[in-house]
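Look at Swiss-Prot and you will find D19, H20, G21, K22, S23, T24, N136, K137, I138, D139 tagged as GTP binding site, backed by sequence analysis. Feature annotation from Swiss-Prot assigns domain 'tr-type G' to 7-189.
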Amino acid sequence: MQSERQKYIRNFSIVAHIDHGKSTLADRLIEATGTLTEREMDTQVLDNMDLEKERGITIKSQAVRLIYKRDTGEEYTLNLIDTPGHVDFNYEVSRSLAACEGAILVVDATQGIQAQTLANCYLALDNDLEIVPVINKIDLPSARPEEVKQEIEDVIGIEAEDAPLVSAKTGLNIKDALEAIVNKVPAPDGDEKAPLKALIFDSYYDSYKGVVCHIRVKEGAIKEGTEIKLMNTGKVYEVVEVGVFVPNYMPVDELKAGDVGYVTASIKNVRDARVGDTITEAKRSANEALSGYRPAVPMVFSGIYPVDGAKYEELKEALEKLQVNDAALSFEPETSIALGFGFRCGFLGLLHMDIIQERLEREFNLDIITTAPSVIYKITKTDGTLIELTNPTNMPSPSEIKLMEEPIVKSSIITPSDYVGAVMDLAQNRRGIFKDMQYLDTTRVSLNYEIPLNEIIYDFFDALKSRTRGYASFDYELIGYKDADLVKLDILLNADVVDALSMIVPRERAYAKGRNMAQKLKEIIPRQMFEIPIQAAVGAKIIARETIKAMRKDVLAKCYGGDISRKRKLLEKQKEGKKRMRQVGSVEVPQEAFMAVLKTEE
């Protein structure tokens with residue numbers, strides 16, 4: 001059932017691979033519909049965080065309402081929902097897509113289809129969206145729009161003959177894109193009289209309004225004063241304000257089925273208004289929630305410690321503030337003998353981890369040390385209990401472990417065919433299992449591998465880029481767990497275990513990794529007045545050793561000639577002193593040492 005009002009609404013999002021010009025296209029659409037005056041136009045209007053603008057990526061989903069007047073005089077309300085493009089934020093993308101009826105697939109005319117173009121496109125198809133291909137960057141001399149159209153038809157299988165050819169940078173043919181949205185994206189439907197059902201596709205904390213939920217009303221209507229209930233948490237709130245984004249907040253009287261807007265209800269914490277949850281009325285609630293909700297599950301863990309131990313409380317407050325805005329971030333206190341008090345934090349992926357670290361340093365001015373990232377291992381102990389291990393230091397002794405499993409991801413790598421050998425070589429080095437490969441066209445190949453998450457967690461992406469001169473693109477999703485023969489590698493300095501350097505590695509690689517780490521640390525740790533042995537150990541067995549030689553004073557400088565026994569006495573005395581020093585001396589480990597451990601030798 002569709003009302004007259006709904007016929008003039010279009011809800012759509014823009015999906016693309018990183019850097020194909022998604023946020024710039026959004027800017028042009030905002031400009032072309034006159035949503036903001038020229039003075040207010042700022043590049044990448046929808047990327048609010050400084051970090052987003054700097055890295056040129058979108059991290060949080062955003063929404064904006066555009067009013068488009070056709071030449072025929074009809075007025076359409078277009079709700080644009082801008083989504084993050086990075087694989088770490090896949091769940092957020094899928095929720096944003098669930099709020100739409102259509103998606104603009106932006107493809108770079110010079111690059112063609114890349115791994116995330118496909119991944120995001122399939123996400124859109126899973127949500128039954130109408131896909132409108134738009135080919136961008138046609139002002140570049142290397143653009144090849146006709147070939148790219150053909151590629152879209154062959155690889156994705158959607159009609160692309162009349163895809164608008166635009167340049168988001170110069171604003172060329174933007175009107176064609178707007179017309180395509182109106183003509184191809186279906187109008188929303190949904191009964192305005194039915195009980196309220198609204199999907200939260202983003203939520204964040206505002207210091208004045210509390211938590212602001214971005215919602216898409218699927219059925220019913222919501223207005224100020226309505227008592228609402230969140231279906232997954234069962235909590236009840238009273239609506240304080242509803243409105244739409246122009247990109248700034250503009251309060252309205254009510255939002256009805258088909259509308260996209262925001263609602264505030266003095267909710268204190270983002271965790272209570274999870275992305276993907278369903279809002280309904282407390283008095284007249286819907287029978288079932290909208291499908292597809294799942295809590296955010298962290299995949300990568302890392303320890304974060306303040307360089308200055310006194311800043312522990314500040315770090316805790318900073319993490320709490322970030323968590324208010326980022327439901328996917330989890331943290332719990334932990335202590336390390338080497339680093340003192342800190343937190344074990346869980347992230348969606350590496351980019352997410354990187355961004356959180358950068359925000360801690362930038363927005364909160366904290367100096368932090370981060371330990372090597374690790375994943376969740378599942379361990380079945382000999383007595384039958386199952387534990388999940390996120391920190392290598394807590395690994396039980398080998399005699400207690402019956403079975404150990406590690407997470408496996410399904411990864412798709414799209415690369416120019418010249419580099420297939422290099423990519424396969426890299427994937428095999430990282431314990432990848434080859435699944436299949438298909439040629440997308442004469443020059444590009446898609447390779448599918450199953451790789452342990454542990455192997456791609458740190459620098460797989462960098463290695464892939466350097467082997468393919470930056471041409472390959474990569475996308476992954478977790479598919480499950482598989483048993484593996486893993487051991488814990490410890491590093492001992494001066495015979496003390498440095499817990500923050502411990503890591504879990506496959507048994508057959510332990511020796512090489514231990515040797516490598518010992519050599520790296522030898523280069524990085526500064527010389528002391530006494531000799532420092534660096535040892536790598538698996539259990540009680542030492543598998544590699546390097547020694548940092550002591551600095552020594554020339555005690556014989558003042559002896560000119562003379563008796564050998566006098567010299568011997570001085571040397572013996574020096575030796576004794578060094579021995580004593582070594583018993584009481586402690587070794588300072590510089591921050592670079594923690595970083596060096598992560599860099600694996602290719």
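Even glycines carry a Cβ here, placed using N, Cα and C.
Note that the structure is predicted; figures quoted are calculated from it, not measured.
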Inset, instruction - Could you tell me which of these binding-site residues, S23, N136, has the fewest other Cβ atoms within 10 Å of its Cβ? - result: S23
Inset, instruction - Using only the residues recorded as binding GTP (D19, H20, G21, K22, S23, T24, N136, K137, I138, D139), report the maximum Cα-Cα distance in Å, whole number please. - result: 17
Inset, instruction - Tell me the Cβ neighbour count for G21 (GTP binding site), meaning other Cβ atoms within 10 Å of its Cβ, over all protein chains shown. - result: 23
Legend entry - Cβ neighbour count (within 10 Å, all chains shown) around I138 (GTP binding site): 20
Legend entry - Secondary structure at S23 (GTP binding site), reduced by DSSP to three states: helix
